[in-house]
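Colleague: Dumping what Swiss-Prot says about this protein:
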| type | residues | note |
| --- | --- | --- |
| DISULFID | 88-142 | disulfide bond |
| DISULFID | 180-237 | disulfide bond |
| DOMAIN | 71-158 | domain 'Ig-like V-type 1' |
| DOMAIN | 159-253 | domain 'Ig-like V-type 2' |
| CARBOHYD | 54 | N-linked glycosylation site |
| CARBOHYD | 61 | N-linked glycosylation site |
| CARBOHYD | 75 | N-linked glycosylation site |
| CARBOHYD | 85 | N-linked glycosylation site |
| CARBOHYD | 100 | N-linked glycosylation site |
| CARBOHYD | 189 | N-linked glycosylation site |
| CARBOHYD | 196 | N-linked glycosylation site |
| CARBOHYD | 213 | N-linked glycosylation site |
| CARBOHYD | 218 | N-linked glycosylation site |
| MOD_RES | 309 | phosphoserine |
| TOPO_DOM | 33-260 | topological domain 'Extracellular' |
């Protein structure tokens, strides 16, 4: 008779258990839908889970179809360690059971610790992990292989730096300031390098020539005083983050004060050459004209002499003829 209350209690709990099992079965993806096994996702190690409790969550999605002609890529910027949830969805008119799903990191295939599920004509795959160091940065790609392969890629990188795109021009003896910024990010440390080749040399802060200043955490400034022509080279600013480093270079061109005068001097030289050419041409023309006038004058004199001689010769016969008639 004492067993009755226990039996009644067990019978009372049975509907609740059945209801709970039904709910779990409904929420669990079935193999008939072409999904993965019951638990395709392997949880990260306990230590990483504990560390990840205080990390922010980064969730990103990529959508693909059987008609996608090009791989789809998405760039993601990370400054600090984070929990990451990547989801790819693939829509096809074919059989979802015939689609092979894989994940790769930088070309190397990942373990089967990702989730695959299907809804209607769409196949979903989800990869969850935690990025805690620079080795886990890189490219994560999901692949759907049917008749042809479709790929979606998530590119993880640290924030980019922004300097001056065009070369910075200054003059010998002046001072200049090089600036690097990181928008909406705060690096742990800044470093400046100079390079006129493939070798980068750290800028000596102890020298009076260089002054490094960082008024704000997201920017750094390098002041160079008493510029020389050999100071014209590439300068690199490097920002250190928890997940890696980022660099930006600024080109510095140092000119002497004679350089701006060169175009003016060239113009002056061209003007002088043009004026000299014009003067020589005029002098040559005048000289030629003078010779021409002298030649004409000489011809006129010769013509006059010729006319005079002809006149004298004509007068002599007439004089003789008159003498003969007089006799």
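Every residue, even glycine, has its Cβ placed from backbone N, Cα and C.
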Colleague: Measuring Cα to Cα, tell me the gap between residue 142 (disulfide bond) and residue 61 (N-linked glycosylation site) in whole angstrom.
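Modeller: Residue 142 (disulfide bond) and residue 61 (N-linked glycosylation site) have their Cα atoms 11 Å apart.
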Colleague: For residue 61 (N-linked glycosylation site), which residues in the same chain are close in space, meaning a Cβ under 8 Å from its Cβ, but six or more apart along the sequence?
Modeller: 86, 87, 88, 89
Colleague: Within the domain 'Ig-like V-type 1' (71-158) only, compute the mean pLDDT.
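Modeller: Reported value for the domain 'Ig-like V-type 1' (71-158) is a mean pLDDT of 94.
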Colleague: Given the recorded positions 75, 180, 237, state which is nearest to residue 100 (N-linked glycosylation site) when distance is taken between Cα atoms.
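Modeller: For residue 100 (N-linked glycosylation site), the closest Cα among 75, 180, 237 is found at 75.
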Colleague: Going by C-alpha distance, which of the glycosylation sites 54, 75, 85, 189, 218 is nearest to residue 180 (disulfide bond)?
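Modeller: Nearest listed residue in space: 218.
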